[in-house]
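J.: Below you'll find the structure I mean.
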Amino acid sequence: MFFSILNGTLTVCRDAAGIAGNIFAFGLFISPIPTFKRIIRNQSIENFSGLPYIYALLNCLICTWYGTPLVSHDNVLVMTVNSIGAVFQITYIVTFIVYADKEKKMRMLGMLLGVFGLLAIIVAGSLQIADRATRWIFVGFLSCASLISMFASPLFIINLVIRTRSVEFMPFYLSLSTFLMSTSFLLYGVFNFDAFIYVPNGIGTILGILQLALYFRYKAKSMEESNEPLMVSQA
């Protein structure tokens, strides 16, 4: 009786954390919209790079495959959040390709095809593994490595903030959404006893806390500088 109640409580907590993670992740997925509004308005990608969206798409696709019942158990909420993320990333990439010059267009198309080709290899290769536990470990390590690499990407911005003592290039709501999403899926992984979820999201939570701490540490300086009169160059 006790164990059934405990199991039911853990399931409710896991699902609540997973739903919260899906909601917070949506905030991350829509964060590039202002950038792409600018691209569409100017009909040019300017100096924006499409690589982050390629990496994000690969991460979403691998994690979607990990969340399917063919690979892991009771990870439907991982599958839903990453499949939605994949749709957003594909939309951004297609928009980028439409407005890119010919050379960048061909390069992005090649990388997009490479992502789908790599996913096909991962899916086909993992399905060749008859033992369910071994398949789970194989895809789990891939998804874990992919997530860690994604969460490590803000290290460049963190370094920039520390070096410049300015949070100009680290939007608060993006950092907050990253922290809340990582924390939610950290709890989800803990309640589901899934190290492939709680380990990378634990790292993401720590990096999120660091970003928020830096934001509150340096935001006053950034506000002071933004209030200074602009110097107009006569050159």
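The count begins at 1 with the first shown residue.
Backbone N, Cα and C atoms are what each Cβ position is placed from, and that goes for glycine too.
Please treat TrEMBL annotations as automatic predictions, because they have not gone through curation.
From TrEMBL, for reference:
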type	residues	note
TRANSMEM	16-36	transmembrane segment
TRANSMEM	48-67	transmembrane segment
TRANSMEM	79-99	transmembrane segment
TRANSMEM	111-130	transmembrane segment
TRANSMEM	136-160	transmembrane segment
TRANSMEM	172-191	transmembrane segment
TRANSMEM	197-216	transmembrane segment
J.: When each of 48-67, 79-99, 111-130, 136-160, 197-216 is checked against the transmembrane segment (16-36) for Cβ pairs under 8 Å, which one has the most?
T.: 79-99
J.: By a Cβ-Cβ criterion of under 8 Å, what residues six or more beyond either terminus of the transmembrane segment (111-130) are in contact with it?
T.: 50-51, 54, 57-58, 61-62, 65, 70-71, 93, 97, 138-139, 142
J.: By Cβ distance under 8 Å, which residues at least 6 away from the ends of the transmembrane segment (79-99) in the same chain are close to it?
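T.: Answer is 18, 21-22, 25-26, 28-30, 32, 36, 39-40, 43-45, 48, 50, 53-54, 56-57, 59-61, 63-64, 67-68, 105, 108-109, 112.
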J.: Grab the same-chain neighbours of the transmembrane segment (197-216) for me: Cβ-Cβ under 8 Å, and only residues 6 or more beyond its ends, written as numbers and ranges.
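T.: Residues 75, 78, 144, 147-148, 151-152, 154-155, 157-158, 161-162, 167, 170, 172, 175-176, 178-183, 185-190.
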